[in-house]
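Trainee: So TrEMBL lists these for the protein:
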- 1-23: region 'Disordered' (REGION)
- 37-57: transmembrane segment (TRANSMEM)
- 69-95: transmembrane segment (TRANSMEM)
- 116-140: transmembrane segment (TRANSMEM)
- 160-180: transmembrane segment (TRANSMEM)
- 192-214: transmembrane segment (TRANSMEM)
- 226-245: transmembrane segment (TRANSMEM)
- 266-287: transmembrane segment (TRANSMEM)
- 307-327: transmembrane segment (TRANSMEM)
- 362-384: transmembrane segment (TRANSMEM)
- 390-408: transmembrane segment (TRANSMEM)
- 420-441: transmembrane segment (TRANSMEM)
- 447-466: transmembrane segment (TRANSMEM)
- 498-511: compositional bias 'Basic and acidic residues' (COMPBIAS)
- 498-529: region 'Disordered' (REGION)
Amino acid sequence: MTDGPRQRGSAAPSTSEDGAADTGKAAGQSVALKKEIGLVSACGIIVGNIIGSGIFVSPKGVLENASSVGLALIVWIVTGIITAIGALCYAELGVTIPKSGGDYSYVKDIFGGLAGFLRLWIAVLVIYPTNQAVIALTFSNYVLQPLFPTCFPPENGLRLLAAICLLLLTWVNCASVRWATRVQDVFTAGKLLALILIIIMGIVQICKGEYYWLEPANAFEPFQDYDVGLIALAFLQGSFAYGGWNFLNYVTEELVDPYVNLPRAIFISIPLVTFVYVFANIAYVTAMSPQELLASNAVAVTFGEKLLGVMSWIMPISVALSTFGGVNGSLFTSSRLFFAGAREGHLPSLLAMIHVKRCTPIPALLFTCISTLLMLCTSDMYTLINYVGFINYLFYGVTVAGQIVLRVKQPDMHRPIKISLVWPVIYLLFWAFLLIFSLYSEPVVCGIGLAIMLTGVPVYFLGVYWDNKPQCFNTFVDKMTYLGQKFCVVVYPVEDEKKNEESGEEIELKEQSVPLSAEDEQTPKSADC
């Protein structure tokens, strides 16, 4: 941790033997996060992060807790509508507070440093490592499932393949932002094609008269008693499948024309995903009974085996490619969250640095990769989903509540997008329903999540709020940061707020020189604003 947001000023550049300033780049070139994400890539980030593993894993969890096919479909539709409402709220916040970091930045600016830190702390420890681990394990499951047709793949094999996937994609993201976005675009297109194939096969099934479980009399026939607490868990499972709708807000500073492309990408992506999800689930029940669906650990594979015959290998390959792209998108966006947190002094300052040539946040990417590898100690994905769903919804609600607080505190603040307050109120009512019944149904799971979050309180006061740390501690941190800089070949970018003549304020990251070779020079320290 650092003592506060690091200083935005430039450090003295190191000098090479010939007397020239060595900044890691040629003169006139800047070391910065580049604005390389256009509208297509922005939609690819949202769709690619949402359609990771959820639609291929959560149908089982949603149906199991909803207790009937009809109610499960209602859960998918309602969750999509609520997700769209939440996205509307985030669109306003994203153009009002145009900073990378998403809800962490919004919570910190509206509610203060401690609230923002707790959001970051739980994201570091649980949310993003867990989310990435779940998607990577799902990738492994779909790759290995055809090799084990009569039993489940071995857990060690699942973990090993998931780790290889994470390491490969971390390397891609460290190498180039452009490579990472191209991987995201390609695999997003691939996963949409896989789901379109599922939907088309479902339509063919309906045309053949295979819609027994879609008839109202059969669709709402429960296979177990309805329970409000279980229905709340069904919504949590569904919300996991829609998770990632807010990830574009984490890379706002890398968006081309964020005031236009951020809301536009949200408005295109969320309805598309909702349509695909609902009709994919309709397709599933045209080929499988609820009992068959619940018995399958790889729903899309079972669906393909029933309808594709000798071509059934298409489904596990398609789903594997889909989840592979999901891991890439999650690594890309979560690393930017940790980068933003370090830039504000809430994480070690090394994580706020980028490579001198590749302009990628390599320390933040390595950090999120290592934390995800540690999370692979378990392959119980459904327990992990419950942790992620509850904690995510907790902070989604806090962020949307912050939108209302900001309207009250700063009513005259410039808002390129301004929605009716009816929408955040509707979202908060649904949010309260989920939290109350989730606590009632799974008090241990929710309690553990809250306890992990609260461990961040002493960490905040010791690591961030405490200014006058011992000199020996500061020296140790400086030396470790310096060693990390040399290992990763990274420097600080500097925030420079400029006035854009047409669209208002725009944040641009420029170069800050940091010594990488002179042993007697000291790494720039963090300083209070």
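Glycine is no exception: its Cβ is also placed from the backbone N, Cα and C atoms.
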Trainee: So, do the transmembrane segment (266-287) and the transmembrane segment (420-441) meet, by the test of 3 or more Cβ pairs under 8 Å (sequence gap 6 or more)?
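Mentor: Contact between the transmembrane segment (266-287) and the transmembrane segment (420-441): absent.
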Trainee: Using a cut-off of under 8 Å between C-beta atoms, tell me which stretch among 160-180, 192-214, 420-441 contacts the transmembrane segment (69-95) the most.
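Mentor: Looking only at 160-180, 192-214, 420-441, the most contacts with the transmembrane segment (69-95) come from 420-441.
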Trainee: Do the transmembrane segment (447-466) and the transmembrane segment (226-245) share at least 3 Cβ pairs under 8 Å, sequence separation 6 or more?
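Mentor: They are not in contact.
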Trainee: What stretch of 116-140, 160-180, 226-245 shows the most Cβ pairs under 8 Å to the transmembrane segment (307-327)?
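Mentor: Answer is 116-140, with the largest number of Cβ pairs below 8 Å.
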